[in-house]
Amino acid sequence: MAKNLSLVLSITLLLLVIQPIRGHSFKSLQHLVGSHKGQTVKGLHEIKHYLSAFGYLKLNRSTGLSNDHASVKDEFDEHLELAIKSFQKNFHLNVTGRLDSSTLDVMMTPRCGVSDIDDNMSPNYALFPGKPKWGKKFLTYTINSGVTREVLDKLSFALQTGFEEWHKHTQFTFARGRPTSTSDIGIGIMHIDGPRKVLADSVAPTSGKMRFDADENWSINDKPNVDQIDMVSVATHEIGHIIGLGHSTHPDAVMYPYLNGGVIRRKLSQDDIDGVFALYGKP
Ligand SMILES: [Zn+2]
C-alpha cells in the first residue's frame, strides 16, 4: 500500500514537471525563426516554457511568465537571450542568442523529459545535483502498468538489452522480479504528452521510477523507420538516469537527450562510461 502511494506521488510530481510543455505542438514553433532580443513575437512564451522545463530559464517575475499580460509573456528579453545562449552552447550550436533555424530544429526533436540540469557543463556527461547514487550493485525492477501484450513484450526486450549494455561496463546487476524494498526500480507505461515531444522520463537515484510514453510509435527493430522511435535506445538512456547520470551534450552519448525517429543509439560511448566511472569508480 505504502509502495503504491509513493508511486502515485512520484508520478504526480513528474506530471507537474511536464505540465508546462504538454499540449504544445513543437512544430508550431517554426514561425519564431529569426526572433531576437527586443522583439515581441506571439508564441515566444512557448520557448520560455520549453527552456524552463529543461533547466535553462527560471520562471519568475522578471522573466515575464508570471505576468498575465500577453505581450510581456511573448517579449524577447535578456533572460530569454541568456537561456537560448546556454542551450546553444550545450548542443554545440552557434551561440547567437537568436532563435535561428538550427536552434529550433533541435528544440523540435523528440527528447527525454528529464531536465538538462547544468547549463554550464563541459561537453560531456553530467551527474545529478548532489551526485545521488545507489549504495548497492544488485537492482531489481518491476514493470507496473498494464498495456497491450505487444507493448509489454517490446518494453521487456528494450529494458533487458539496455540493462545488459550498462552491465557490460559497470558492476551493476539488474534482475526482473517482484519489488523487495522501497529502492527497487518501478517502470510504468503511460500517456505523457502524445506522439513525439517527450518520449520517456526517469527520476534520479534512489527513486528508481521510469516512465515510457504509450503514445509513441515504438520499435525494437535494428532498423526502425523514420516514423518510429527506437525503444532500446530510449530504455538504455533512461537506465543511465536511474543509476545517476544526467544529460550529456555529446551527440554520440547514450545520455544525449534528443533522439530522432529512425535513429539508433544503443551502445555506451566513452563519455557515458567516463560518467558512470566518475560516480561509482571503475569495476
Ligand atoms: Zn534523459
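Any Cβ shown, glycine's included, is placed from N, Cα and C.
The Zn(2+) site in TrEMBL is built from Cys112, His237, His241, His247 plus one of Met231, Met255, namely Met255. Counting every protein chain shown, the Cβ of Asp184 (Ca(2+) 2 binding site) has 16 other Cβ atoms within 10 Å.
Within the same chain, residues at least 6 positions away in sequence whose Cβ sits under 8 Å from that of Glu216 (Ca(2+) 1 binding site) are Pro195, Arg196, Leu199, Ile229. The two recorded residues, Glu238 (active site) and Asp184 (Ca(2+) 2 binding site), have Cα atoms 15 Å apart.
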